[in-house]
């Protein structure tokens, strides 16, 4: 099927190329004959018609054949004028492919359209300015087809000398005043295309002259641009600062890629934020989709019908009357053309599903794909020396599994290594990293390699669904030898570490009609309209008197009169605040006529309990390291239903450990919602250990296990109220700085199953986990610390249980500190000690602090908690008929049976076992991050219950 598909693409490519070439030749002949005889207006109309026949076919390659997508990022005010005013487009010049999608963008906006029936016409005058104030090299106009078309379209041809060309520029730009329609002028003010060498030269010039050092652009050539702006100010209505970026999940395409119909997604931003896109995969402004127009398709079909008949007749004549030599020549010529195109189709093709930019400057880009047995990666690094990629247990060199490769004299090399210290990694006796291909050009080294997920080599790290710390490094020189003094030399500052999940399950949404989608931004600011096109964004100051801050704000959602489904969640992070904004949670507010917390007035506060009580229903969340999240195609979160109050609260968590001042933020979440309802309504269930000061990790504890569960009675009653089981589709596992491992499990009929687990947790990488297979929870209990530590399950169908937590019994924790009796104030949540007499008047914190903690005593305390009772708590939404007060029980930690997966290195499967120990211990969690066969992992759940286990380790 792949071969058939490729052959079809080759045939289509040859045919489309034939049509556009013949169309161009015919248009050029017609334009030569015309040559401005009488009326300039008539001439321009005819020329523009011919140009449209050509350019519309180029836009067809991008929009219709390749099915490429274009996302526009632009303010609401500027969008009103987009494509409706004569404007100068100032754009970055990085890739030859940009010429093609510029035609496609102009076509979508109607700027390539020719309206011969109107007094004027609309046309895109595309001036590719690659020199100060210039547009095309003088020699280009002598090139048949392309050059002639530019000449007839009144492009400016220069001799690369400002003094010689100044007069021509002024004359040509003044002549553009006679255009009676709207047009765009495209300027590349950098003066040339961006390359690494030119960028380095640009940085040196900037340093010498005290100019800004631009990371992603060359210094602009201002003389020619200033001249054009001054001459054109009589008719130019706007200047647009435009930035574009292709998706980060594949290499940047070439012009040939687009001509061959390779699908792309280009993001076009009408301002400048290149670095923001590198980090987030999107631009910060609101997105718009401008639909494709059918005009290019109609032009191509019409020209195809007109042009296909003569060659088909000729071909039939050759086959029917030609000699055997003639027939053989035609066949071989066709095959040769197909082979050339087919080869070009597959060289450098991007077939990866995942990507990550490892460094902040975008110089080390990693692409990968995987199956059940193997992972394949491709490193694209801006260097002509060696490249290194490592898998680290903790972000450091020791115990890391490392691959180092390079390309020398046209030959690619790859070595499998391991590190025992901060030194040159040693060669591994078992070379498990396999080189697939490699090459380098003037700026980059590209290496593709693969490895089994589990190699059974003690020097290799197991690649699983845990968070992986990726070590990256490079050097500008190739090594002389594989190891020793002539081996890879020290990388210097070209190194770093990046956390990611290599084996993540991506939800690829079905393309939905954009016209049916709506978006709403929930961000920490107010938008105040000034006149027509100026928007002032008011940001909130991040406190600098404490390291951790939780701020809340209530928002009024759009007035929706019917049910809609939220299907997409996009983070909007203020540029520069990526290290401050840690996570956020969106809560739905209750439908209450007495609602008094409105969004006007003070926009933020320290999460007043009154707001928390009025907005208790979790709706969505985002954590650091997370990108855009989609709901599965059969699931959507309901808004605008009977329970819709029109208000939500955003709880924002800021981390400012350096107590830096002067930080202002307007981050938040963009919700995409649609009236096209999905088959199932999604719910969000929060589980964990109740967040109180009575749950703590004692000092001197090298390892500490914290566990919790959701009461079986609670879960069963809500499922019975629903009348059917729920299906979990995704989970967010979140703990704070002390956490290193976490898992969520469910038990049904005595058998324990993982929902999600993370044995290599990174506080700075809270990636949502979409399950490969849904977990069903039938009618049939959960964990946390005094800082944030929760799990959020996304499931369907939605039921009335919102939160289900447990905490170790206060009698257990207080008794360990020697407290014999106490009274608990439920209003202040304070514990008042009444016995023994020596401790009366002490606070709970003072009593716990008086314990002579040691590592052994901390271990004993952990065992006591796991073997003691837990207090459980359920919270429901108001429309539930289930009485949650009945579930305030003290229950023991449930136990379950578990079948360990097959040990692939020994070929054996562990048998179902009964827990030999009363609960999980820190020994159960040791190892390299992979499951240890034969070791029982107790689950704090009963039949058909949910569970979380947190391992909290003191740093």
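Note that the numbers count up from 1, one per residue, in the order the chain is shown.
Even glycines carry a Cβ here, placed using N, Cα and C.
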Any idea which of 250-268, 269-287, 326-344 is down as transmembrane segment in TrEMBL? 326-344
Of the ranges 225-248, 297-320, 345-368, 369-392, which one does TrEMBL flag as transmembrane segment? 297-320
Which one of these stretches, 875-901, 902-928, shows up in TrEMBL as region 'Disordered'? 902-928
DSSP puts the residues of the domain 'DOMON' (362-475) at 0 helix, 63 strand, 51 coil
